[in-house]
């Protein structure tokens, strides 16, 4: 980013907070119609893109949005489902992680296509396409997904602080409320600073898991066999529950809104040729980033299978339990510390992207702009309350089940983001020359069908479970 562009988009954080707090009513600012305002207006087209030179430099200019999106694919919610799946079923659910990642690559590519082709994010496109009632319903569902995601971040960060520093869970939850300062400072530095911060923490997570996998030394043949799909995943209700949780933890609803917006931060030529070139680079960016997410998610499950399942610890659902077992089983104390460090980095990273997603969703659906600090406080406040209630009623051991439940909730909300996305990218009036080809739409609708069928199956199992419970 050139110095002129960077200076043009910098925020005065102190002035922002002063103006926002001067009047609670003035914090809510109606904007001009969304169709007239670019998504994330202050960061729109703020990152310079070289139009010439070596392809590597052009790729570097586009690298970033995909890695910010990938954060949602390796947040603390993935840890809970991966640990539970690996400890209970060994390597069997690796096939679900692989399938989920392929689904994510396709859906994120479509989200990037929508943003680049239409100059709208998914929330803006939904608002332009649907009635007011439908738009409001989609907004509510998306906000619930963001809160469920934030719930996982709160729990994960609080647990990491407890494991590393001995901070009680309930105080760790309270500490997470002040992360708004971090978000504001990063936004003040510009979009490239946000991306650099996120990528740095991703590298920390990656490094931690490389060391842990080397220490665990899982059998390669069994690991590779786990990537082959098995019918037992669908036939076993417990395996299906965890599989749906993995899908929910991997393919995040709000990531589709986020990606369709932040790809527009690049200052590519808004011409047919410029858009097509930008789409190629954006898809390369997101695919590379999601392959990193695949490695990390698979590593969590492989670690659980190699360390816990192999030692007959079949019910490791709590992250704290995994931390306590890692050092004795592996015989290396640093493994547990690396595990907790990666968890903390994951929770902090997710904070940044969840804040951006919340801002995009509210502005796109409602034409309503909140100050970033207020938006963050509202979302985090709604996520903190259920965690505090669960800790107060059931103790710290209840957070693990709450974490798993949050991922299943996310999966249940996926159709409400995926189906509008598919309808938009198939509309030539919206997409122009970049309308999604028929073969891609067939693949995308198959993915949507899998998501819907899995959720219907889960609801059916829940209904049967409830009826059996009542009859008993």
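Quick reminder: no glycine exception, Cβ is built from N, Cα and C everywhere.
Looking at 28-48, 196-216, the range annotated in Swiss-Prot as transmembrane segment turns out to be 196-216. Residue ranges 288-308, 351-371 are listed, and Swiss-Prot annotates 288-308 among them as transmembrane segment. For the transmembrane segment (59-79), the list of distant contacts is 47-50, 101, 104, 108, 112, 149, 152-153, 155-157, 159, 191-192, 194-195, 198-199, 202, 205, 246, 248-252, 254-255, 258-259, 262-263, 265-266, 278, 281-282, 284-290, 292-293, 296-297, 300, 319, 343, 346-347, 349-350, 352-354, 356, 403, 406-407, 410: same-chain residues at least six beyond its ends, Cβ to Cβ under 8 Å. When Cβ-Cβ distances under 8 Å to the transmembrane segment (439-459) are tallied for each of 136-156, 196-216, 377-397, 402-422, the top count falls to 402-422. In terms of C-beta pairs under 8 Å, the stretch of 92-112, 167-187, 402-422 lying closest in packing to the transmembrane segment (288-308) is 92-112.
With a cut-off of 8 Å between Cβ atoms, the residues of this chain six or more beyond the transmembrane segment (233-253) that come close are 72-73, 75, 77-78, 80-82, 84-85, 88-89, 92-93, 95-97, 100-101, 103-104, 107, 141-142, 145, 149, 152, 293, 297, 404, 407-414, 416-418, 451, 454-455, 457-458, 461. The list of residues near the transmembrane segment (196-216) in space but at least 6 beyond its ends in sequence, with Cβ under 8 angstroms from a Cβ of it, reads 64, 67-68, 70-71, 74, 186, 292, 295-296, 299-300, 302-303, 306-307, 326, 330, 332, 334-335, 338-339, 341-342, 345-346, 348-349, 352-353. Each of 92-112, 136-156, 167-187 was scored by its Cβ pairs under 8 Å to the transmembrane segment (402-422), and the highest score goes to 136-156.
Proximity of distant same-chain residues to the transmembrane segment (377-397), defined by a Cβ-Cβ separation under 8 Å and at least 6 residues beyond the stretch ends, is recorded for 146-147, 150-151, 153-155, 158, 162, 169-170, 173-174, 176-177, 179-180, 318, 320, 354-355, 358, 370.
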